[in-house]
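For reference, the structure is listed below as structure tokens.
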């Protein structure tokens, strides 16, 4: 058994997943529409990175090797990752490390809230690794962080991007009510046919139920979910997931292109043309989503502030 606090990445992380990754001899060449803006150490990008190091805070932007980190940090926005940087799951599309996490840092809520206030962030996204080792899946820590940010920076709009709280959903939903965000996001990630391959340990119906039950309990909070394309799904399967999301009262949507972090992760099965993303966005509007961001470089938290504004949140 791995030692607590030791992070497994790449091949070590994915060695024990149920459906093994089959490496490709020649990865698909990235098309011209996949373009990433590099970060500049000056200005807001450098300011945010410096404060993250000073406060020993984590962002999913860095831990998951998000391609938009330069643009988002440069705009003065970041997605904070709470509850450590070691995940109890082994999802083979994700670059976050796996292992036995350390106990939650009791100082993290205050330190994160102080950073949000100091950086004068108008919109903050708070996410976490999966914490299957905790009785509540980390729900109370989410509440503590939300409350601390509300107190330190009352005008900041808060989006939480939560895990699935597997095996403890009812407890988690009860607890989350003690510190509600403005937007609750939980990513479906992919289509149900690919769950065992891409999301070992997760369950499609459970994730839908989490969002439906949360919305039923807290109807004033907007609900949101995100999908990736390029894992082996079809366009029709994506549309079917979108229908399922609407049937379970999810109001906001993001769809973006999957990019493999390394050769030890799931390979990209296809690069979806921007016109197809436009089709997804048009269909989302027809289905009644209040906000939909669908484009190759879109990620769950990418321009989340503008999407929330268009949905009447911020």
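Placement of Cβ uses the backbone N, Cα and C atoms for every residue, glycine included.
Swiss-Prot lists 61, 66, 72 as binding [4Fe-4S] cluster 1, and of 290, 301 the one it places in that same site is 301. The Cβ of residue 87 ([4Fe-4S] cluster 2 binding site) has 94, 96, 97, 98, 99, 101, 129, 130 as same-chain neighbours under 8 Å, each 6 or more residues away in sequence. In sequence order, 13, 89, 90, 92, 93, 95, 96, 98, 129, 130 are the same-chain residues whose CB sits within 8 A of the CB centroid of 87, 91, 94, the residues recorded for [4Fe-4S] cluster 2 being left out. Rounded to a whole value, the Cα-Cα separation of residue 91 ([4Fe-4S] cluster 2 binding site) and residue 66 ([4Fe-4S] cluster 1 binding site) is 15 Å. With respect to Cβ neighbours within 10 Å, the binding-site residues 61, 91 differ, and 91 shows the lowest count.
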